[in-house]
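Visitor: Okay, so Swiss-Prot annotates it like this:
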{"type": "COMPBIAS", "residues": "23-42", "note": "compositional bias 'Gly residues'"}
{"type": "REPEAT", "residues": "137-179", "note": "repeat 'ARM 1'"}
{"type": "REPEAT", "residues": "182-222", "note": "repeat 'ARM 2'"}
{"type": "REPEAT", "residues": "225-264", "note": "repeat 'ARM 3'"}
{"type": "REPEAT", "residues": "267-306", "note": "repeat 'ARM 4'"}
Amino acid sequence: MSDEGSRGSRLPLALPPASQGCSSGGGGGGGGGGSSSAGGSGNPRPPRNLQGLLQMAITAGSEEPDPPPEPMSEERRQWLQEAMSAAFRGQREEVEQMKSCLRVLSQPMPPTAGEAEQAADQQEREGALELLADLCENMDNAADFCQLSGMHLLVGRYLEAGAAGLRWRAAQLIGTCSQNVAAIQEQVLGLGALRKLLRLLDRDACDTVRVKALFAISCLVREQEAGLLQFLRLDGFSVLMRAMQQQVQKLKVKSAFLLQNLLVGHPEHRGTLCSMGMVQQLVALVRTEHSPFHEHVLGALCSLVTDFPQGVRECREPELGLEELLRHRCQLLQQHEEYQEELEFCEKLLQTCFSSPTDDSMDR
């Protein structure tokens, strides 16, 4: 059976009710929200993997607080055995699917194939990468994928593949596997993926490749100290600034958001950024036609001046004209509820950089 919503946490499952037959009309097992008296017909489907089994246990615990102690019924015991068996079987099946995908991806590229054959080969490889991305949203599968040397294949061959469709799917899969998993992040960093991803973000001709490369970079540096240190050594902040200056809206928004988050999480790098001229470049971006990404640019500026006198001094440089720009932007935003956070950043910058202790001219 197809399992809709199988990505991430699978099937919200609960144990079959204990023999007292009490029932909550909780959100719907497979079509019968009515009485639960008809034997085991209301039993939920067993989970397909260990993550689903864990979810089942959590759900059961939350739905039946402080159950009275009682012997486990034979029906309940049998159901649990079947659920555990199905979970392990489902995990094995998904590992086999990953192995099958890796066999496709490990094949050498057809050197002198005709156009139709090349297109079919690329389509098969793209399909394998997409299936892997779906499977690897489950952290157990992501770990198995890396143990099968899948990450070596992605970094070594597919980030630099000739077809853009292969490059962006490889970058997306790297990000999906790495997200919030320190051991996988360390493996990816050790393979030299960050340098290649920054190059894709900076130079690739395909916008989708650049957006997916940025996603993978974010997954490797936001909560990973070793990744951030590599990012600094590879001049990643300059690459990020150039991405914000592009005409691709999604790239601008995501780049500015990552910069803002890195500054909030790692204020110790503010001096480095100021010495790179980051204040001047961010102000220049705020002067461009108004866009949703300005919120994150102004948020980054706020992080550069909060409790940091060097950033305040640079914002006060008369040639920047930042005070006038901020006051004009406040007037523009006051009537727009959807820009409330951007307005607050403008007001904070005015207060921090341009208000003397006796100046209370911040009235809106």
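Note: Cβ is positioned from N, Cα and C throughout, glycine not excepted.
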Visitor: Counting by DSSP, what is the helix, strand and coil composition of the repeat 'ARM 4' (267-306)?
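Guide: Across the repeat 'ARM 4' (267-306), DSSP assigns the residues as follows: 30 helix, 0 strand, 10 coil.
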Visitor: Taking the repeat 'ARM 1' (137-179) alone, what is its mean pLDDT?
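Guide: Mean pLDDT, the repeat 'ARM 1' (137-179): 96.
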Visitor: How many helix, strand and coil residues does the repeat 'ARM 2' (182-222) contain under DSSP?
Guide: 35 helix, 0 strand, 6 coil
